[in-house]
């Protein structure tokens, strides 16, 4: 039987198996940090959604999509911004202010830029190996915004009573 690896050990194993060099996250542009952060954040949200119980995959996708859209990410970063360290705030602002070749399709420019800043911060925390800090910030942001209510909160509501932000 294979030994279970911690997240740190898994990522070290992955880098070795994939022949990837260690790179200081500070050398990456804010948009590269946002690129990896987008994937990490999506994975975190999907894991949270499937943990809420079995449901049809299209419903899981709908719930996940609602939580990863720019307006939801903008709300999340606004909720946790006061808790950011000076270094985290600087990373967020670099991402938010980065000039992107893509444009917001279904979001305001302000929300899109804030979301890019959040994704840059998520990417940086992930690449720095600060998984606990990353998890704490995302979890706290979801709680403060009400984007991901606790399962017992949903049990008390009828399906028709839920707001656009609740799943």
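Any Cβ shown, glycine's included, is placed from N, Cα and C.
Quantities reported herein were computed from a predicted structural model and do not represent experimental measurements.
These come from TrEMBL:
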{"type": "DOMAIN", "residues": "32-129", "note": "domain 'RNase III'"}
{"type": "ACT_SITE", "residues": "38", "note": "active site"}
{"type": "REGION", "residues": "144-167", "note": "region 'Disordered'"}
{"type": "COMPBIAS", "residues": "150-167", "note": "compositional bias 'Basic and acidic residues'"}
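In sequence order, 119, 122, 123 are the residues of the chain that are 6 or more apart from the residue listed as 'active site' and have a CB within less than 8 Å of its CB. Classification of residue 38 (active site) by DSSP places it within a helix.
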